[in-house]
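> Sending over a structure as structure tokens; questions will come in a sec.
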Amino acid sequence: PRQWLFSTNHKDIGTLYFIFGAWAGMVGTSLSILIRAELGHPGALIGDDQIYNVIVTAHAFIMIFFMVMPIMIGGFGNWLVPLMLGAPDMAFPRMNNMSFWLLPPALSLLLVSSMVENGAGTGWTVYPPLSAGIAHGGASVDLAIFSLHLAGISSILGAVNFITTVINMRSTGISLDRMPLFVWSVVITALLLLLSLPVLAGAITMLLTDRNLNTSFFDPAGGGDPILYQHLFWFFGHPEVYILILPGFGMISHIISQESGKKETFGSLGMIYAMLAIGLLGFIVWAHHMFTVGMDVDTRAYFTSATMIIAVPTGIKIFSWLATLHGTQLSYSPAILWALGFVFLFTVGGLTGVVLANSSVDIILHDTYYVVAHFHYVLSMGAVFAIMAGFIHWYPLFTGLTLNNKWLKSQFIIMFIGVNLTFFPQHFLGLAGMPRRYSDYPDAYTTWNVVSTIGSTISLLGILFFFYIIWESLVSQRQVIYPIQLNSSIEWYQNTPPAEHSYSELPLLTN
């Protein structure tokens, strides 16, 4: 227990993040299955829209703050960044420990917020006046705000740690332009966290004082404006979605170049600039989430154009991955299957994003299932596919064990069918005008909702199968002899699993 509770070892802390993220992911998945069960037939199942919205809100918060971010940044980031830099550990090992241990209390606060009073049924955006004292009395929203505060502090500390580590602890020979793409992606992600989270903290603190200390930041009666909250929230919220996907971009670059048998990704400098461009542009497009609040036509024109510009660096990344794959004789290992699935489905999600960027179109599609379909394609088939690819790819390094490849391929097919069956029909529902965040719908929408719910059940089976595959691997203890052929990245020069203290003598990297 002491080893885990007080650990300052980046590998142990990374493992804690993985376990925490997997556990939170099961909770978040359970909530999503409840949502799909409710929508699996017309009429009521739970019979209470407040509870339904509490489930939707908790599903979003758990998946974002307690599943994707801990696994990608905390798990893969902690494990791989020091190994890829040739650093003995993170720059601030004890702060690293605190970053992790802030998350269980944060998750507990969120779960408690659902259990007291009526729960926080505000949606993950927590817009006032719905989240204000009149519409949401009681402690639920306050507890959710404190949960976000803790998760935010955790991420800010982690961000400072990663930035410092990369600036100060690169091994001799690893110049910035030769730094692995995954490390670059984590650094850019950390910068985005550092710049966006304080704004969220400000917004939810003002909401807290509006609710409890009689201020009126977001109350027109006292000269406030609920639209101010939306601007503050989305100034955080849009960079946040890039925070969720950028580490995935980094992992996919490594996996594709490795599996293509090439020593680096096509146009790796361009890949770095593309990620920097995405990170920068991510801060100046936030109001595309607010096309329906009545902004000036010139404001809408700007946010439409700026949003579409993000498609350019994203396209550079997609086509560089395809160019990396070009001309190779692929063996379809499980990791490359997930990576190919990522490229294909992330592109679909990106295209629906370009559709929604048009302010005039978005006014029709805003708050319909078209938006739900869009962001689940980039999250449920972008971020999650990247996590799956990365986990399978680096599992032999982390554990020194092998997974059952045949099962993993079957599991990929099950998940691929499941997620597409769940989310593709939602485009049709959105185009037909089915609104988000309602527990019931007119009979006309029944067919595609039934298909979507069947898809979610298939995905659930896929996830359970995945956990069984990991269990089987840990029980069977098949040791790795050679973890990978012709490795293109230095973390593979470690033992499998790596020694508790790798790089106790600093390496010199020559090329």
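All residue numbers here begin at 1 and follow the chain in the order shown.
The backbone N, Cα and C atoms fix where each Cβ goes, glycine too.
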> Given Swiss-Prot annotates His288, His289 as Cu cation-binding, which of His238, His326, His374 belongs to that site as well?
His238
> Please compare the binding-site residues His288, His366 by how many other CB atoms fall within 10 Å of each one's CB, and tell me which has the fewest.
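Looking at the binding-site residues His288, His366, the Cβ with the fewest others within 10 Å is that of His366.
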> I need the CA-to-CA distance for His289 (Cu cation binding site) versus Gly43 (Ca(2+) binding site), whole Å please.
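His289 (Cu cation binding site) to Gly43 (Ca(2+) binding site), Cα-Cα distance: 30 Å.
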> Between His288 (Cu cation binding site) and Asp367 (Mg(2+) binding site), how many Å separate their Cα atoms?
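On Cα coordinates alone, these residues lie 13 Å apart.
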> When DSSP states are folded down to helix, strand and coil, where does Tyr242 (O2 binding site) land?
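Going by the DSSP assignment, Tyr242 (O2 binding site) falls within a helical segment, counted as helix.
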> What are the non-local neighbours of Tyr242 (O2 binding site), defined as same-chain residues 6+ apart in sequence with CB under 8 A from its CB?
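Long-range Cβ contacts: Thr189, Leu192, Ile278, Gly279, Gly282.
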> So are the transmembrane segment (54-74) and the transmembrane segment (232-252) touching or not, going by 3+ C-beta pairs under 8 A with a sequence gap of 6 or more?
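The answer is yes, given that the two segments have at least 3 Cβ pairs within the 8 Å cut-off.
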> Out of 143-163, 378-398, 412-432, which stretch has the largest tally of CB pairs under 8 angstroms to the transmembrane segment (450-470)?
412-432
> Taking every protein chain shown into account, which of the binding-site residues Glu38, Asp367 has the largest tally of Cβ atoms within 10 Å of its Cβ?
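Of the binding-site residues Glu38, Asp367, the most buried by Cβ count within 10 Å is Glu38.
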